[in-house]
């Protein structure tokens, strides 16, 4: 949450899109983790060792980062003036609510791949577990490239144009995976899926900060909406898939 609030504030100061790049470092870490996971899977290393190694790698940078954060970070010098500004409450702001719908859909598309893509490739397309991890790495590669390059496209073509193109690209990638039974098509489609889902979250966070006064609250509302999709997506997709399979079974 903090990176979204602070990142939106940086964008307002610079008048330049930087949130996608900031999220891109998260995607880069996911890509690196997918590569390490693929290697450990190929070496038949147990899953509990995966988790212990991941925890060890994650904890050390957190302590380093905490010590490096300057004093006063997160405090708004003009907080009183923001409180005096009047605007629609977030629950009555139609524009903000629509942005919330967009981030909900985009976060669901991104999170579904994180939860189910390797399993889909193994059980649905017949790939080995190592190949399934490799294909997931292709998805994270698309996410990483999309986020590191997305700021340029947003500044050049506008948020609306980019979010439309992203949605179409993501839908195309998901559709090809579902309806085309081909190994190479699946490999290409996950990259399209990653590119399409990459900009949804940071782009909507950036847009929310411009919808009215009290930008931190508005960013928090939209970010929380996206995180709700992350929390509920696995169960929603799993239960929906089970219901459809039971209905389609003879």
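FYI, residue positions are counted from 1 along the chain as it appears here.
A Cβ is built for glycine as well, from the same backbone N, Cα and C atoms used for every other residue.
Looking at 161-180, 221-240, the range tied to transmembrane segment in TrEMBL is 161-180. Note on the transmembrane segment (90-113): residues 136, 139, 143, 163, 166-167, 170, 174, 190, 193-194, 196-201, 204-205, 207-208, 211-212, 217-218, 221-223, 225-230, 233-234, 236-237 of its chain, located 6 or more positions outside it, place their CB under 8 angstroms from a CB of the stretch. With a threshold of 8 Å between CB atoms, the same-chain residues lying at least 6 positions outside the transmembrane segment (133-154) that come near it are 16-21, 23-24, 27-28, 30-31, 34-35, 37-38, 41, 110, 113, 117-118, 121, 127, 162, 166, 186-187, 190-199, 202-203, 206.
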